[in-house]
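Visitor: Taken from TrEMBL, the feature heme c 1 binding site covers B:C73, B:C76, B:H77. Residues or ranges marked as domain 'Cytochrome c' by TrEMBL: B:205-327. Residues annotated as heme c 2 binding site in TrEMBL: B:C218, B:C221, B:H222.
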Amino acid sequence: MYIGGIKEHVLNREEVLVVKIKPTFNGHSFTKNTWLITSQNDSIQISKLRFYLTNFEFIDAQNNSIKIPESNYLIDAFDQETLQFDLKTIKKTNFKHILYKIGVDEKLHDAGAQSGALDPINGMYWAWQSGFINFKLEGKSPSCNTRKNKFTFHLGGYKMPYSTTRDVRLDLYNKEKYIIIKMDISSFFNDLSLTDINQVMTPGEEAYQCSLQLPQLFSITNE
Amino acid sequence: MSKKWIYILLTGLLLFTTAFTVIKIKENYFDYPDYWPVPVYDFKKNPVTKDGFQLGRKLFYDPILSRDSSISCASCHLQATGFTHVDHDLSHGIEGRIGTRNSLALINLAWNESFMWDGGVNHIDMQALQPITNPDEMDSSLLEVVDKLNDIPEYRTLFYQVFNDSIITGQHTLKALSQFTISLNSYNSKYDKYIRKEDHVTFSQQELSGLELFKINCSSCHKEPLFTSTEFKNNGLSIDPTLNDYGRYRVTRDPLDSLKFRVPTLRNIQFTAPYMHDGRFESLREVLDHYTTGMEYSKTLAPELNNKIELTSNQKTDLLVFLKTLSDFEFLYNKKYSFPRTFN
């Protein structure tokens, strides 16, 4: 009984899976306010890149789903501390897929004040029109005919048809201790001309369209 | 008479004698008449407790919430005027800054599905974020407020008592404020006592006539017993070119919502002047004149107002006399809600 108890305990012991987020621009790491060139030939500097990754879930070889409760993370591309976090899984197995959301679960946008990464203290919640800002991207570009050439993308909105929370599903092929998720922010600008669209700060059609591009930013990498 | 009929008669008698008298005491600080609808607010997520209510009350009256610690929630929401700002058409902020809308009365908020004149705020927890961060109001941030609170040992103790955590968070600050504001229930006006047949309260001929006129002309939007339908309506106000406020349209971007604003409660309306989202009317007489002769007809006008409201001068007076029966002095002067000189 005693030995059996220990055995069971070992088998069901919670294990930790480390997730690393690697922000890149065209595959290269970048720092705050360095000059970058988009595929649309806009020169840009990125000063802020903050976004939520939430509702992590794994699919194992037998197609079982393992959901990680309350897995809500606020990522800041320029804050190293936010680029790595531990997911507590029941038991580490050979997972085939990782699933998560970019942005906060729609159900939590009107559920009152939340805690941790979702605490409105983090400046990712709109005051005048309730709801989380799922994704913030700010910077400058000479292509923007705005005050100080600034562009501001605050993507939010949780009501249909303009929800901006996006699902991501990625294949896992490495069996390493770490899962490294690469984020290539250059893809955000692939179909976006900064001359035409540079200020999105309300829920609606524009924010929704911008959010459709977000899942393409993420991939699994070995590096 | 058949047994069935006797049964129905007896049940009716029973209802007649017991209903309209009992006040539900759901929590220490949250009560309402048992014939009212069930509140929208989910108390399971933030149960109102004595300590939580008192902490919220302290925060509500504390200017620490504003950037320069000069104004508190109570600066624009005064108890004696139904928790709104009497005599000011638009809300005020720090350094004498002026906002774009008239501050709303804080009454029976647990029945609201959304907040603000345009319903832009979806939960009472999040309501406080708006005045705290609005540059024309408190011009601060939740982070700044929480940092300041964490520097005060008294607050850390109080938060620990309520939330079992002496590190003050944004979530707990907002939830504490909610525990106070959600409890501001008004249900002891003369009208309420008349309905409940309490304390031998009777209505005068004028009040009775006003109530009848109210039921015919006003109650489709200002529904009893809350005196609001909690909907958004265009009530025929012309646009103020200095504000260009299209109300709910700003939130939904739906042209059908253009010029629609929250239907406010009429409880304590005698004391919540000025009236309307931009405080354009100083007296209730002006409000009635608007509905009878000042209406601007447009595509989104409330269907309830398509038929012209006609009231004689005497009828208007009767209606005004009735509206005064909605004043709840037990609410307006209840020490439980006032500035916390001492707790208890």
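Heads up, the Cβ atoms here are built off N, Cα and C, so glycines get one too.
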Visitor: Between the binding-site residues B:C218, B:C221, B:H222, which lies closest to B:H77 (heme c 1 binding site), Cα to Cα?
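Guide: Sorting the binding-site residues by distance from B:H77 (heme c 1 binding site), the top entry is B:H222.
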Visitor: What is the separation, in Å, between the Cα atoms of B:C221 (heme c 2 binding site) and B:C76 (heme c 1 binding site)?
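Guide: One finds 26 Å between the Cα atoms of these residues.
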Visitor: Give the residue counts of the domain 'Cytochrome c' (B:205-327) per reduced DSSP state, in the order helix, strand, coil.
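Guide: Each residue of the domain 'Cytochrome c' (B:205-327) counted once, the result is 49 helix, 10 strand, 64 coil.
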Visitor: Output the one of B:C76, B:C218 that, of all these binding-site residues, has the highest number of other Cβ atoms within 10 Å of its Cβ.
Guide: B:C76
Visitor: How many other Cβ atoms sit within 10 Å of the Cβ of B:H77 (heme c 1 binding site)?
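Guide: For B:H77 (heme c 1 binding site), the count of other Cβ atoms within 10 Å is 21.
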Visitor: Could you tell me which of these binding-site residues, B:C73, B:C221, has the fewest other Cβ atoms within 10 Å of its Cβ?
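Guide: Each of the binding-site residues B:C73, B:C221 was scored by Cβ atoms within 10 Å; lowest is B:C221.
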Visitor: Suppose you look only at the domain 'Cytochrome c' (B:205-327); what would the mean pLDDT be?
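Guide: Mean pLDDT, the domain 'Cytochrome c' (B:205-327): 95.
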Visitor: An 8 Å radius from the center of the B:C73, B:C76, B:H77 Cβ atoms defines the neighbourhood of the heme c 1 site; name the other residues of that chain inside it, in order.
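Guide: Everything else in range on the chain: B:F60, B:S72, B:A74, B:S75, B:L78, B:F83, B:T84, B:H85, B:S103, B:L106, B:P131.
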Visitor: Please report the distance from the Cα of B:C218 (heme c 2 binding site) to the Cα of B:C76 (heme c 1 binding site), rounded to the nearest angstrom.
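Guide: If we compare the Cα positions of B:C218 (heme c 2 binding site) and B:C76 (heme c 1 binding site), the gap is 27 Å.
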Visitor: When a 10 Å sphere is centred on the Cβ of B:H222 (heme c 2 binding site), how many other Cβ atoms does it contain?
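Guide: Within a 10 Å radius of the Cβ of B:H222 (heme c 2 binding site) lie 20 other Cβ atoms.
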